[in-house]
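Asks: After the structure tokens below, expect a handful of questions from me.
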Amino acid sequence: MLHSDAPTSQLLPKGRSTLVIIQLAGINFVTSFSGGLIVVALPAISASLDLQRSLMLWPMSAYALTTASCLLPAGAVADILGTRVVNLVGCFFIASFILIAGFARTGLQLIMFRAMQGIAAALALPSALSIISGSIESGKRRNVAFATLGLAMPLGYSFGVVLGGVFVTGPGWRVGFYVGGAVTFLLFAVGIWALPTEDASNRPELSLWKRLAREVDWVGATIASASIALLSYVLATLSASTDNIKKASNVIVLTLSIALMPAFVYWMKRQERLGKPALIPNSLWKSLTFTCICIVVLLSNAVADAGELFASLFFQEVQNLSALQASIRILPNVVLGIVTNLSTGVFVNKMPVVYAVFTSCALCAISPLLMAIINPAWPYWYDAFFAQLLGPIAADVIFTVGILIISDVFPARTQALAGAVFNALSQLGTSVGLCITQVVSVAVTRGSDHDIKPSDETLLAGYRATFWTLFAWMLAACFIGAFGLRKVGKVGEKRD
């Protein structure tokens, strides 16, 4: 069993801690809401802003790129400056850039505003996890708090997709950003009052500037952020078109990204040898539990996000359903996600974590398997319904389990960095999953039909290959989780 040394001297009363959970989850909700809004409103946005087709995916990709690349340094800085301050700054700028996005007059402006929103989100996400760890008592209540943060993201995205369609057909897509910005400013105001202040008596005597200079591994943060940013860029361009890998610029960027990975490992080894701050010490990877849960977090997010996207494409492009009809068919995914998140928060401390991870991954693996063997002529309730029902189970269970394990591995003074590592893995899993499945789908589709516009049968062949890929990933997650977590025991238990 893992043991956290998280402090318990600043625990909040239940009423105020409930408000803190609502405020932090609300930020996650609105941030994801804006992403869902862009997905469904993208055609209308492109027409309104005259966005070039080659840039159509960048309002989404720019956000993911800046978020992933800024998470680690933001988490390290939050542990020095204080999680309350960093979270409120992130919250304020999230609200500002969501609102400003509604006033964009060109596609480039929208992309820039979304990129800045990603940086702001990188400030808010890891600090939120640290606030929960430090202000809510370990046990069921903290577990439910983590689960609520996880629940807010898919729920916000789903609301963004549904209400985005309403806004596009009604008052216009800009109204969605106005509403999102206004709600986030309200949550910012709540956070000013509700979020706990730092205990000044526990602060070192050194000034903040000296602590930032001495206690943050800036070189390691720069190397890691650069590698993640470059890799995210290449993955985003490949998701738009697999032919982009043929461009020399993308080959160079990918090569640099890969070259920085061993450079990061070398720097971590140097920092540990000299007794200096290391962003993610190499010694952490010697822990089988830590390494395996990181891999499982990455794989589960890749499968969940890619599975939902390609299920939507199957409904629309193979079964020729409307976007609204496809959204309705994906709805069981959202409903069970809510139930799974909350149930995990309540019951995660009741059983050994290996059983929770293995069972959830095994059930989730059935989802892409069902979609891989589906016949488009079958009724929805025969196959696709159960696939959507089982799709979110692994990612939702592992969100709570992963946070609990990773936060236990990191010391109490670097809980924001722990949150940054977890969120970076989640973001990277999404990017890698979408890119690889897109490459698989396109390759199989092109191999089946050389026509300019693929037929339903060739599209289906590509989608089947994608779902088989997701099935294999989920099976891998099952065995990695079972092997790596077999000695962990229970997590999220209340400690005296």
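Cβ atoms here come from the backbone N, Cα and C positions, even for glycine.
Pasting the feature list from TrEMBL:
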DOMAIN    20-489  domain 'Major facilitator superfamily (MFS) profile'
TRANSMEM  20-45  transmembrane segment
TRANSMEM  57-78  transmembrane segment
TRANSMEM  85-104  transmembrane segment
TRANSMEM  110-132  transmembrane segment
TRANSMEM  144-169  transmembrane segment
TRANSMEM  175-195  transmembrane segment
TRANSMEM  248-267  transmembrane segment
TRANSMEM  288-310  transmembrane segment
TRANSMEM  330-348  transmembrane segment
TRANSMEM  355-378  transmembrane segment
TRANSMEM  418-445  transmembrane segment
TRANSMEM  465-485  transmembrane segment
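For the listed features, I'd like the structural context: burial, neighbours, distances.
Replies: With a cut-off of 8 Å between Cβ atoms, the residues of this chain six or more beyond the transmembrane segment (175-195) that come close are 16, 19-20, 22-24, 26-27, 30, 33-34, 37, 41, 84, 87-88, 91-92, 94-96, 98-102, 131, 160, 163-164, 167.
Away from its own ends, the transmembrane segment (288-310) comes close to residues 2, 330, 333, 357, 361, 364, 367-368, 371, 391-392, 394-395, 398, 401-402, 405-406, 409, 421-422, 425-426, 428-430, 432-434, 436-437, 441, 463, 466-467, 470, 473-474, 476-477, 480-481, 483-485, 487-488 of its chain (Cβ-Cβ under 8 Å, at least six residues beyond either end).
Tertiary proximity for the transmembrane segment (330-348) is limited to same-chain residues at least six positions away from its ends with a CB under 8 Å from its CB atoms, namely 140, 143-148, 150-151, 154-155, 158, 308, 311-312, 315, 356, 360, 385, 388-393, 396-397, 399-401, 404, 491-492.
Taking Cβ pairs closer than 8 Å, the transmembrane segment (355-378) reaches residues 296, 300, 303-304, 307, 310-311, 314, 318-319, 340, 344, 348, 384, 386-398, 401, 456, 460, 463-464, 467-471, 474-475, 477-478, 481-482, 485 in its own chain, all 6 or more past its ends.
A Cβ distance under 8 Å defines the sequence-distant neighbours of the transmembrane segment (418-445), meaning residues of its chain 6+ beyond its ends; these are 64, 67-68, 71-72, 74-76, 78, 122, 125-130, 133, 228, 231-232, 235-236, 238-239, 242, 280, 294, 297-303, 305-306, 309-310, 399, 402-403, 406-407, 409-410, 454, 458-459, 461-466, 469-470, 473.
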Asks: Within this structure, do the transmembrane segment (248-267) and the transmembrane segment (85-104) have 3 or more Cβ pairs under 8 angstroms, counting pairs 6 or more apart in sequence?
Replies: no
Asks: Which bits of the chain, at least 6 residues beyond where the transmembrane segment (110-132) starts or stops, bring a Cβ under 8 A of a Cβ in it?
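Replies: The answer is 20-21, 24, 27-28, 31, 34, 38, 45, 49, 51, 55, 58-60, 62-67, 69-71, 74-75, 78-79, 83-84, 86-87, 89-94, 96-98, 100-101, 104, 142, 145-146, 149, 195-196, 403, 407, 415-420, 422-423.
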